[in-house]
Amino acid sequence: MLRIGLTGGIGSGKSTVAALLAARGAVVVDADRIAREVVEPGTPGLAAVVGSFGPGVLTADGALDRAALASIVFADPEARARLDGIVHPLVRARAQEVVAGAAADAVVVQDVPLLVETGQAGQYDLVLVVEADLETRVARLLLRGLTEEDARARIAAQATDEQRRAVADVVLDNSGAPDALAAQVERLWAERVVPALGERDGS
Ligand code: ADP
């Protein structure tokens with residue numbers, strides 16, 4: 001198994017890179033998706049969030065009211081830390097289960113938006129960082145429906161490009177066209193992934 005940690009700021013193109021790697025046969029573990037799954041109705045995760053933040057974070061039909069929770073934690077770092085303390089361990093445990101279930105010769109890609117912020121770089125054979133210019137990211141996030149203010153605030157709350165680059169084995173530049181990104185992923189696969197897998201199989 002080759003474990004790849006994929007990270008980058010919001011709007012840089014992580015999901016796009018993950019999809020390109022999945023098309024080549026990688027098993028993708030999506031932290032954002034798992035983060036939603038661990039607080040679905042009926043989960044211990046949702047019970048813990050309600051226990052900590054009260055029933056005001058539930059919708060009328062008993063699901064997590066993301067907007068209500070976001071408005072609490074966005075304004076209060078202590079509340080944010082409390083939420084992270086509940087959700088992050090659950091996400092990690094579930095991600096580990098998925099990884100453990102992958103084949104021995106699999107390439108497992110974990111899309112971890114906060115890989116740098118949470119100090120997880122050491123867990124991977126290869127750390128991939130996706131970058132795009134600030135203004136390009138903002139423009140893409142606007143197309144995805146965020147407001148400009150929200151997009152800039154989210155970008156500012158994350159690690160910087162320099163901090164991410166410091167832990168990167170490979171940096172992919174996604175400031176250009178989708179084809180240019182696909183070409184970089186193709187090269188990465190041929191030059192880094194396939195040889196690394198070969199070394200592992202031989203050991
Ligand atoms: P992330 O997962 O890092 O937040 P995404 O992969 O979702 O980023 O990309 C952000 C948005 O930009 C998406 O809507 C995506 O389709 C679009 N996008 C990604 N790469 C490019 C590109 N090279 N050119 C144009 N749009 C892109």
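For all residues, glycine too, the Cβ spot is worked out from N, Cα and C.
In TrEMBL, annotation is done automatically, which means it is predicted and not curated.
Remember, it's a predicted structure, so these values are computed and weren't measured experimentally.
What TrEMBL records for this protein:
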- Gly11, Ser12, Gly13, Lys14, Ser15, Thr16: ATP binding site (BINDING)
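Sequence-distant contacts of Thr16 (ATP binding site), defined by Cβ-Cβ distance under 8 angstroms and a gap of at least six in the same chain, are Val130, Asn174, Pro178, Leu181. For Gly13 (ATP binding site), the same-chain residues that are 6 or more apart in sequence and have a Cβ closer than 8 Å to its Cβ are Val130, Ala132, Leu172, Asn174, Leu181. A C-beta separation below 8 Å, combined with a sequence spacing of at least six in one chain, links Gly11 (ATP binding site) to Ala132, Arg137, Val138, Arg140, Leu141, Arg144, Ala151, Ile155. Neighbours of Ser15 (ATP binding site), defined as other CB atoms within 10 A of its CB across all chains, total 17.
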